[in-house]
């Protein structure tokens, strides 16, 4: 038995299988595509205005409030406790969805779901802390693939149960509750990491100099590329305090200072700043659209009197997103020259798709607009992810992605307060999509103008170099 436990703790396969199972059951929620019909139907009997202007905005606010503290907590407690917290939050969310009633209860649902999304950072960070860097690419592909498969399975299953078996939305939510409960059980079996990216960099035993890593020893500094960076090497003492010296407050301050230095380094590159700007702006708009599109569909084809195909549309959208993301790997493009132009062109397609959804009353046109919008966004976010990742070490990679998402969430919160919340303009759902389409039109203008400037600058530089090389 002890030998088996030792093999489990030293193998990358066991934690990968468990975290993938956790990711599958966490994402396999067939009721999610039918949330708005469930809330506005006889089960909850809420109005579309209450759902749009009073309930859904709570998710954005709670996500923003919890994101940074949860990010620090995730690293400090070494991931597994936060995965357990995510599982508990999901269970509470679906218990409330099933058995609670009223606006306040549904606002609590959105608060706990904000906790769920804030803790998602632990999913990928966990696996990097328990496997060596040579397995990063493989386990990342496994973790991402399993969540895409789960999302597709959930959407297809939900649609089939509603359309063919006549299953009620209440029972769909019961299936989702069972799935997230299984995810929590899977998280219980995860091994506890001995290190993390910031707070516990050197907690694992150091290898003996000259002998490398012993078999089964958790990687030390070799698994943290950031520690070999110029910034880390320049400072004599490491921000990691010795036991009993600086104390937790000094330790936290050291970590925050290191985060600040890393962010300055990341955003000092104009190229990374450009991709990050699009990331933040587009992700804010994308999250708004995904959060409220079911309300628009319910307006175009009321669920109480029309067939609902939300699950099928989400399944197709997920497939198209996966296909476009995969296609990026086979496209040979000079992204330094054409990247900003691609951002402008596909952002224009996003804007057109959203404006179509505003001006049409046809539900099938709305579905088509959503499919085009999501495919374009997934294509560009994959390119942006790749362009940022190839220029950063693992720690700065995670930090920059996290900060980009934080900025996106701040922008999304501003959009929610001004456009959606009943305390702001409280616009109707159709007008909201006019605003979102105009928002992506502004993004289009920014990056088309920037791309023209970049292309002209590169051509002028090449012309100047050619002239100098031909001069006598």
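Using N, Cα and C of the backbone, Cβ positions are placed for all residues, glycine too.
For reference, TrEMBL has these:
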| type | residues | note |
| --- | --- | --- |
| COMPBIAS | 231-246 | compositional bias 'Low complexity' |
| REGION | 208-246 | region 'Disordered' |
| TRANSMEM | 12-31 | transmembrane segment |
| TRANSMEM | 51-73 | transmembrane segment |
| TRANSMEM | 82-105 | transmembrane segment |
| TRANSMEM | 111-131 | transmembrane segment |
| TRANSMEM | 143-164 | transmembrane segment |
| TRANSMEM | 170-192 | transmembrane segment |
| TRANSMEM | 272-295 | transmembrane segment |
| TRANSMEM | 307-329 | transmembrane segment |
| TRANSMEM | 341-359 | transmembrane segment |
| TRANSMEM | 371-394 | transmembrane segment |
| TRANSMEM | 406-427 | transmembrane segment |
| TRANSMEM | 433-453 | transmembrane segment |
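Only sequence-distant pairs (6 or more apart) were considered; of these, at least three Cβ pairs between the transmembrane segment (406-427) and the transmembrane segment (272-295) are under 8 A, so the stretches are in contact.
Between the transmembrane segment (82-105) and the transmembrane segment (170-192), three or more CB pairs separated by 6 or more residues in sequence fall under 8 Å, so the two stretches touch. The transmembrane segment (51-73) is not in contact with the transmembrane segment (341-359), judged by fewer than 3 CB-CB distances under 8 Å for residue pairs 6 or more apart in sequence. Highest Cβ pair count under 8 Å relative to the transmembrane segment (272-295), across stretches 12-31, 307-329, 341-359, 433-453: 433-453. Scored by C-beta pairs under 8 angstroms, the transmembrane segment (341-359) has its highest count with 433-453, from the stretches 143-164, 170-192, 433-453. Within the chain carrying the transmembrane segment (307-329), a Cβ under 8 angstroms from the stretch's Cβ atoms is held by residues 30, 33-34, 37, 148, 151-152, 155-160, 162-163, 294, 297, 301, 367, 370-371, 374-379, 382-383, 386, all 6 or more beyond its ends. Outside the transmembrane segment (143-164), and at least 6 residues removed from its termini, the chain residues within Cβ reach (under 8 Å) are 16, 19-20, 23-34, 123-124, 127, 171-172, 175, 307-312, 314-315, 318-319, 321-322.
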